[in-house]
Structures are given as C-alpha cells and as structure tokens.
Amino acid sequence: MPPPTQYHPSAPPDSPDDSDSELDLDIEELDPTPNTGPQSSQPKNTERRAPRIALRTLRMGGLRRGANRNGYGELGRSRAAGEEDDEALLRDDDGNNPRYSDASTGGRDDAPLLSEHGSSSGPRRRRRSLAADTLRVGRLRLPSFMSGTSADHGKNDEEEEEKEEDDPSSSRLVAVGSRQVIRFPPNSISNAKYTAWSFLPVTLYNEFSFFFNMYFLLVALSQIIPALRIGYLSTYIAPLAFVLVITLGKEAYDDLERRRRDNEANSELYTVLQFDEPGVGGASLRSRKILKSAHARKGSKRAIPQADRLSDIREEEETMEADGSHRFASSHVNEISKKSRDLKVGDVLKLSKGHRVPADVIVLKCLSNEAAAHQEEPEPAPQEESLLVDHPVDPGQGGSEDMESSTGASGGAAEGTSNGETFIRTDQLDGETDWKLRLASPLSQNLPIEELVRLRITAPKPDRKVNEFNGTLELLPTRQDAMSPNTFASGDELAKAAPLSIDNTAWANTVIASHATTLAVVIYSGPQTRSALSTSPSRSKTGLLEYEINSLTKILCVLTLALSIILVAAEGFGNTKTDVWYIKIMKFLVLFSTIVPISLRVNLDMGKSVYSWFIQRDPGIPGAVVRTSTIPEDLGRIEYLLSDKTGTLTQNDMEMKKIHVGTVSYANDAMDEVATYVRQGFHLTPSLNQVSNPPLATPTSSSAAGVGAGATRTRREIGSRVRDVVMALALCHNVTPTTEEDENGKMTNSYQASSPDEIAIVKWTESVGLKLSYRDRKSIVLESTETGRTVVKVRILDIFPFTSEGKRMGIVVQFYETLHSNMPGLNEGEIWFYQKGADTVMTSIVAANDWLDEETANMAREGLRTLVVGRKRLSTAEYQEFAARYKEASLAISGRDAGVQGVVSRYLEHDLELLGVTGVEDKLQRDVKPSLELLRNAGIKIWMLTGDKVETARCVGVSSKLVARGQYIHTVEKLRRKDSAQEHIDFLRSKPDSCLLIDGESLGLFLTHYRTEFISVAVKLPTVVACRCSPTQKAEVARLIKEYTKKRVCCIGDGGNDVSMIQAADVGVGIVGKEGRQASLAADFSIEQFCHLTKLLVWHGRNSYKRSAKLAQFVIHRGLIIAVCQTMFSIAVDFEPLGLYKDWLMVGYATIYTAAPVLSLVLDKDVDEELANLYPELYKELTEGRSLSYRTFFVWVFVSIYQGCLIQGLSQVLTEVDSPRMVAVSYTALVLNELLMVAVEITTWHWVMVVSIVGTFLMFVGSVPFLGGYFDLGFLLEVGFYWRVAAILAMSLIPTWAAKVIQRTMKPPSYRKVQGI
C-alpha cells in the first residue's frame, strides 16, 4: 500500500504592512525586532512576520475569562449574534439561487464564517495574529497537547468496551473524525439466515414443523420402548438421521455461501482520514504557514504571492474560525484503508467517482481533482472564490469589479465541486434514475481538513425515510469540545451551527457520480442505515410443493392409523392373544410407517440440488446463481411477476431518437440533415478587423437563416428552426462537461448532470455539431465540433431547476457578441428565456399552435419521453422588473415557493415561441419486449414497481410493450381523498382490461383505507404500474398479493431498494448489474439479464416442478406398496403385528434397490426447450397444480393398493405363508416391479436412467447370495421361483401400463399435443 497522504492546513501568505484600524497593534510594538521589509520573501522572516494583533483580543480577555464556555458576556453574545445573522444571509446568497451571489457580496468573501458585516467589515476588519493566540492560550485553555482531554486518544480496547450502548430511539451526537462516546453497531451487511447459535434450533424447528418429519421422529422414539420394538432400532433411527444430515448440510452450505458473498462486500476497502493529535514546536507552525491544500495547489498554475491585502483578510478570518486559541492545527491527517465492516460512526471517508457509499454519511467537503477543463475562453477564476476554497490568489488579475461580476463562478466549476457540490446515483436506493445533487455545508466546506475534527453533528434517530433528514452541524472551539456531549449556547462566539438537510446526505448503497473527491462522515452504520432499515430480515422460504406434500402425508398418516385400527378390530379388541389391543395398534403403526416415506425428503432435496446444478450450468443463462436451493419448483408455479424498472427492464441509458420542429420531423438517418443545418447555421466567418476578437452567434445574428443564399425560402426557414432548437437544447440544461481518464490512460470528455435525459440531449447536440465545452455557475460556452471554435457564449442570469411538481426547467441567459468581450451589462447583450418541460405543462405556456398535441401523442405511443422546447426574448426593462419582483418574492418569510413561482409565471411563462419537441428513449435491456410477451402468454400477470416518476414509468411501460398498443391506461396520481379512491376502484372494476398507473402516495391511501377492495380489483388487471414506490411499499404489495390470492409471487430487481420486495416474495430474483450486488445477495436466484428470466421460469421452473411432482408421487407409491404387502401378510398371520421384511430388507428396499432409478426421474422431460418457449401456454397449466393434486395422488394410491395386494397375495397363494420362499418371491417381485414402473413412467430417456435401472438390477442380483438369512437360496435355483415372479409381475404391470396407454390415447396431455404438431 502506498504511504499515506498527509494533509496540512491551508495558511494564507503574509499581509502587507498597512495600518487601517486604530484598534490594531503591530507585533513590533509589543516585541520590536529588526525586519528587512514588509515584502521580504525569506522563509525566516516570513515565519517571524505576523499580521496585527487586534487590541480587542487583549481587552476582551477579562470578559472571556470570567465567562463560562457557553458565553462571553453581553459583548460576546451580541457579536456572535451578528455573525450568525451574517452567516444566515450569506448562506442564502451562496445557496440554490446563484443570481444573487454577485449583488449581495460586492466582491467580498462570502464565506459563512465572517465575523462582521456591513460597513464595519471593510477598513475596520479585525485581525488576530499568532502572537495574540499565544497570549490567549494561557488565559482560556491549554493547548490540546497539554490538555488532559487529549488522553481520549490513548484509550485502550478495555475502555472501548465501557462505552455506552447506542439507543436507536434517540437522536445522536457524532464527533467528526474522533472516537465516539456511545458505541454504535458495526458497519457490516448480512444476508445470512442463521448464526452459529441459531442454526440448529431454527433448522430443526423448520424440519420438524413438517408433519412427516415429526411422524418419523415419534416412530423412531417409540422403538426405545421395549414393548413397541420391532426389529433393530437403527432401522428407524438411521433413515431419519440421514434425512436430517442431508437437509441441514444443504442449509448450512447455502448459508455459508451467503456469508462468503457478504464477506466480499464487507471486505471492500475504503480510504479513511485518520486525525492524529498534532505535532508540537516550530515544525508544525512552519507547515501551517507554508503548505497549501493539495487539491488547490493541483488546480492552480500561478505562483503563490508573498503578500496581498486579500490574503491578509483571509488569514484574519481563518484565525477567527480557529477561535484564536489554537496555536497549532487541531489534528494531523493521514490516509488509511479500512474494510467496509470496520468503518465506524464518526469516520471520515474519502470517496471518488464510482465508489459505493458503504454507510449513511454527511458530505463535509468536495475537493476538485483537476483544474477547470476549459482555461482559455471563459473568464478567469474569481478572486473571492480563492478565499472560500483555499486557492492561491493572484493580485494581478482583476479588481473588485471583476470579482463582483463573477461571484459564485468557480474556476473548477467544470467539476461542480468548488462550491461543495457533488452528484450521487440513488437508483440502487430509491429506483430514481436522475442523479442527485448533494452539497457540503459551507461550515465544513470552507474549513481546512485538519479542522474537521472540531465539527459535531446532531442527527435524528435512525429511520427508513430516504427522502427526509434534519440535523445540525456545529463548529466548536476545540476537538475536545466536539467530543463532549455538552450543548453550546447560541450566544457562544466560538461555536457556530448550520442546518443539515437531505441535500447534505448520501445514504448507503448510493454511488458517487462526480469526478471530484468527496469527504463524508459516517453517521449511521450497518443495521441502522436507511437501506438496512428498509430491508426485511432474511427468512427461510419453503416451496408450495412442500406444503402440498405435507398435506398429502397427513392423509397417508390417517390411512395408516385407520388400517391399524381395522386390523386390530378384525381380530377383536378383547380377543388379542399376545399384547393388549392398544399395544398392537402402536406396533401396526410402526410396521406401516413406510406409508409415510421418510426417504421422500431425501429424494426431493437431492432433486433440488440437481435442478440447481442445471440452472447454474446452463449456457443459455450465463452467470446464473442459485442462492436458495429449496424452492426451484416454485419457479414453475409463478402467477404474478413484480418487476423493478431501472436496471431491470431498462439500462438507464438515454438516447435522443427524434426531434420535431413544427413542419418536419427528424429521426435515425435524417439526423445527418440536422447536422448540415447546424454546420451552416453556426459557420461564422470573421471580417479582417474581427480576427483577434471573432463574433459569436446569437439568436438574432445574421447567420440565423442557416443556409446559403442558393437555398429555397422553405429550406431557409427549416434551417433557421433547426438552428434555434439545437441552440436552445444546448443551453437549457444543468449539464456540466467533465474530463476523465479512461482505461488506457487517455483523457476523455464526458458529461454529468442530475438527469440522464439532459445528458442524452447534450450528447445529441454534440453529435449534430454543437458541443458544450465549458459550464460554470455563471456562463456556458458552446463550440463547433467541426472547427473547434467557440460559436456561442452566454452569461447565466437565472436558472429554474426541474422539479417533479413543475415538470419543467428554465434558464435566462445573456449572449456575448464577441469572443473576448468582457461580461456584458444588462444593456449590452440579448437576453433570452429558454424553457423545456413535459407537454402536459408546456401546452399552456407556449403560444397557440396546431401540431404540438398530435406530435407529442405520436411520440408517446412510441414509448419516447417527450420534452417541449420554447423560448422568449426579454428586453432589459422586462428583465430588470422581473429580477426585482423575483428577489422580493424570494425574501418572503411565508409562502415563498408559491410567490416565486407566481413571479416566474407572470413575467416569463406565457406566450413562449414553440421551437420543437424532442423524443428521448430509455434503452431497454436486451430482449425485454419478447420476454414480457412470452411471460404474459404463459399466464403471468406483470406489475412494474418503481421509484421513478410517473411520466418515466408510462413511457417505459409503452416502449417495453408491458402496456399493449391501444390499451387504456388509467392514471391515479396524488390521490388524497377517500371518496375519490372509491370512485377509482369502481371504475377499474367496470374496466378489467385496462392498465393501472398509480403513484406511491395514492397507493398508500388505497392500502390504508381500501386494502381488500383495491387488491381484489388490481390482481385481476393484466398490468399494474406503480411509481414513486418506497422499498417498504414494494414489499407490502408483494405480501398483499400473496395473502389475498394464495398464488406464487416472483419479484425481480437489481438494486438495494428492491431487497425488501425480493425477500418478501415467494421467489426473489436479483439481476447482477453494475451496482446489483446487494439485490443479488438477497435474492434466491441471480441472473445477469431480464431476458434470462424467461428460461429460468418457462424451462427450468417447469421442469423442476413436473419432475419433483412425479418423483414425490413415485416415492409415495414405493412406500405405500410395501405397506399394502405388510397388511396382506398381517391378515394371513391372524392379524398379528409381525414384520414381513425385516432389518436389511426394509433398509435396502428404500435405498440401494430402488433409490437410484427413482431419483433418475429428475432427468425426465416431456418436451424440449424449443417447444417450451414456442408454447408458453404449457407453463400456464402448471399454475393449476395438476401435476400433483388430490386426483393424481389417489390414482397412485389405487395403483399401489392394486399392485401390493397382487404381489403379496399371489406370493402367499403360490407358496406357503410365512416362509423364506414366500419372502424371496414377494421381495424379488416387489423390487423388479419398482424398476419396471420407473421405466414405464419415463417420457424421455437419458443414459443415466438406463445405467441406474440396469445397475440397480445387477446390484440386486449380486446381493442375493448374501440374503440367506431372509431367503431360501436353494429355491432361487429352481424354475418354479422364476415363473412365479414372472407371473406376478405380468399381472401387476400389464393392466397398469395398458390403462396409461388408453388414457393418453383418449385424452392426451398438452405436451403430447404440441409434440404431434
């Protein structure tokens, strides 16, 4: 591992020696020393030279000394209050409304930690020197290296054990980067079902909850009683023990595999910042003065100035942030690697692009990894920004006017990180495809990394609400204060606080999408994360076939008891010769225990293992993994499929497919014509006097005609329309261009944004010739892909971001007219308002037209996501009036959102010029359309449950053919009234062939008030699409369908937000995608593509169910026939409970003499895979459960009684009763009958079947010489033995086989019909 990177506090350069405050005292006045000059660049002088000491530092010493740590008297409180006001105002300026950042700061540092505001912040700005800090050390508190509290970091593991346990029902205080007072749960994920302590109790309970296992346990225990003993005890104990060992071993193996996969996830390495106690002496001081932030240094190519007025201000503020009591940095930072399981609450993680967030975290800092991607054409980085993010300042660049005009624009804005911004992907948490913007609080973003340990977070108790969070971030005087549970009063000058919201968080299983480095602190770990709380615990799943067999064995048990009582009653309860009648009944129950076959579980479990082996080695579904091998038969019984959308049905990869400009539509190959129009429309030829400062395109520039003079008027009009709509799409967005390194080490350009739709549109504009080359908070630069020259440059005046309520986004821009012109004033350049949004809202905003509704409907039918684009030109007066009203509305205390929206609607959103309509396709996973159609033909009702937006879900439902062409879509959205809910239910009841599209809010209302009525209607609909569903709602829907219909439900998903749904389902399928590990781990079956599900269900599921059904019935037949033989023998020996086949004969019959042929039935198949896919209706009939039903069960009971009576009856007739000869004939006929019955039942022969039948026969023949204790071996050499066996077999098998042939001829099964086609 490379040596850990060390962070050092960022320190400003020295300030010039100026005197601007009568309250400031130079250090020389206290301790005069020779100095060569204020601008000396010698390191020695730089180190000794210090800014001024504010006299107020000395004067307030007594006040502060007399006050407690929670306040410093009235003066301190009033100053702190003033600072908080400044902080609130500046946060507002630096927040989501970038248009005010320049108007309110006037070129000053807009950091939230300014100590003073207004007129006093200029020439009367106070500064404290290191000397002043030294004076205060002795008066307030000791340095951290001398303080007794520093011993906290010397605590050993024993003290760690003494931590107070976390109370998850209360809020928590988290000290950033330090050891916590309270012990929180470890950050490990576990999909294991058992622990070392719970494995045996839980598995044994599960096994003996099945009736036949409990029955055999009682039978085995009865042999301990001498009066009930028949034969050897091992005869009954061994089979049960064997069954339990096989079953428990399989469960243990499955659980160990889950633990192994969990261990892979828990062992993922993360970089953690370790905050050690700082060093002492001059070395620490020198490092603080010299070293810059590594990221700031990396992003700058300018020399660090030795003295500057701005750096003086900056040092004063940094010193004030450090509260004047820290002579040294609060900590020394190293990087260490930790496994995910070892992360603890309070750890500060260093996350980069593509990293999965391992726990719930608060974003503290975002650091740019590289310089701005575009350095030539945009204006230089603003000076005041360097004060915020520790960039070095170049005094030679610009003055206060330049700073004022570009406040908030970041030199690293191409990364979106200089202002504490980062993007995350949440599709694995909530299913939403849009990237989410996350912000670092200004309180932590502007703090040196070494000072992060002074931060403390107050977080609410853990809960499962992924879209809500309210906390507090506090900056305290020292690290020890941050670790203290004490509360600091708001009047404390040295304690500052900032609110935390959902915008400051990144929950576990989200993924960092920005190219920046994100520093974040863990606040919830392991089982307390949002993801874990939304996930139900793993449960043991039992297949439907198991329950059906369990009910059949109860019938067999009743049959056994009835038979025992009948035999005792036939002799007479009072006439028993040997034992009392109830003892006889108990003995008969033991003798007839084979009726309930103990080997059934063994055969079924071994069959399940074979099915799992087939699935995992099927070349048609590569990468398939069976994680729960107990339910493969349920794959053949699915009636409801609940699917996620993002990453399951779709790739979440958007592509621009179509654009309509009013008179003509372009798609596919026609996009080349669009590129031609763009090339001609933005072909700017500068005149001789414009070569050094070439002109730029504007909406009204002379090139608006778009094509040459030789073109027709119509073509010129179309060219102008195309040019305008492409320019609008290239400007109206929130996309930022970035540069990243590919696998080969080459730098490639890419885009990042909160919406993949916007990225798709910007990529399309690049493909047709207009590339987004630079973007920051205040400007956008477009260049021609043909010439590489800048053709459009705008100043961003306002941005109105997209919201789910507004369904539109807008931008107000001002165009530059020449490339190298200064920032235009409001009177100099064209001002335009561009807007794009959903057709439902844009129809009333754009000017009247006759084609919009028709074209958007056409695109919607194609499954495209439509966006309507419009524009409006604003005069200077119009914009100034709007800006004034907008500012007024944005400062309102109450009704701010409605007021702001009202201003935008009044001044901007009306009579827009309609430019065009775009159609974006969300690429579907491979073969999704045919897969859904096949599943629907197989009788499976498909529901799509997603956390995404309603419009997105509708488009995907149409494009994937989940919603049939022409099918009515009944939309239920934002339902809040119960009476309206009832109306929707009545409508759906009257229109059962429609598709229901419902959002999470409405679904919650139905599930709360009309649970039964809603589900009774919904399960009859062919398709249901639920949007904005939380993970909990998905799981609740799955459980509700199961409870109401009693049918098998399969859930499929790929993200962490699908885990609850997958675990609640009867069969959970996880898709292994880019981020699909969590869903894959929790699922019963893992596949790599949605299209693999069809083969998993229609082929493997069908085979597994039919094979297990045939196997179960054959094992029941095998046990029942020997019980019938025992009954016939007991009748012949005067109803005495004597065993017919004892000891080895009993054990051998159920094992080596019949086990292999019967088990080989798991290789049987009635149709091949091609026919199964061609006729999915074959799957549909399985859902009715006809392969194993009461009807088929009683048919097999009848066959067993017939063959058992015939075999034993004829054996007793043709030989003498209770003799070795009779046992030899009867047992041989019984074994051969079973082997031949297997052959009769086989539909498609497999070489393993032949080997097992022939091999078992030879094994039986070879073992006969060793059965002298049971057989008359001499009789086996006589012809009489063979003709007796042959006659018995003929009479037993020929009628059975004939009946089967007649039935297949008269009423052929479905698979016979399709085979004959």
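Here the Cβ of each residue, glycine as well, is placed from N, Cα and C on the backbone.
Unlike curated entries, TrEMBL annotations are predicted automatically.
Listed features, source TrEMBL:
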type     : residues  : note
ACT_SITE : ASP644    : active site, 4-aspartylphosphate intermediate
COMPBIAS : 1-14      : compositional bias 'Pro residues'
COMPBIAS : 15-31     : compositional bias 'Acidic residues'
COMPBIAS : 76-96     : compositional bias 'Basic and acidic residues'
COMPBIAS : 157-168   : compositional bias 'Acidic residues'
DOMAIN   : 1081-1308 : domain 'P-type ATPase C-terminal'
REGION   : 1-133     : region 'Disordered'
REGION   : 145-172   : region 'Disordered'
REGION   : 297-336   : region 'Disordered'
REGION   : 373-427   : region 'Disordered'
REGION   : 689-713   : region 'Disordered'
TRANSMEM : 210-230   : transmembrane segment
TRANSMEM : 236-253   : transmembrane segment
TRANSMEM : 555-574   : transmembrane segment
TRANSMEM : 580-600   : transmembrane segment
TRANSMEM : 1111-1132 : transmembrane segment
TRANSMEM : 1144-1163 : transmembrane segment
TRANSMEM : 1188-1210 : transmembrane segment
TRANSMEM : 1222-1240 : transmembrane segment
TRANSMEM : 1247-1269 : transmembrane segment
TRANSMEM : 1281-1302 : transmembrane segment
Cβ contacts under 8 Å made by the transmembrane segment (210-230) with residues that lie 6+ beyond its boundaries: 236-237, 239-240, 243, 546, 549-550, 553-554, 557, 579, 583, 586-587, 589-591, 593, 596-598, 600-601, 1137, 1139
Within-chain partners of the transmembrane segment (1247-1269) [C-beta distance under 8 Å, separation at least 6 from its ends]: 1144-1145, 1148, 1152-1154, 1156-1157, 1159-1161, 1163-1164, 1231-1232, 1235, 1238-1239, 1276
Outside the transmembrane segment (555-574), six or more residues from its ends: residues with CB under 8 Å to it: 211-212, 215, 581, 584-585, 588-589, 592-593, 595-596, 1116, 1120, 1123, 1127, 1130-1131, 1134-1135, 1193, 1197
Contact yes or no, the transmembrane segment (1144-1163) and the transmembrane segment (1222-1240), 3+ Cβ pairs under 8 Å, gap 6+: yes
Contact between the transmembrane segment (1222-1240) and the transmembrane segment (1111-1132) (3 or more Cβ pairs under 8 Å, separation 6+): yes
Within the predicted model, mean pLDDT of the domain 'P-type ATPase C-terminal' (1081-1308): 88
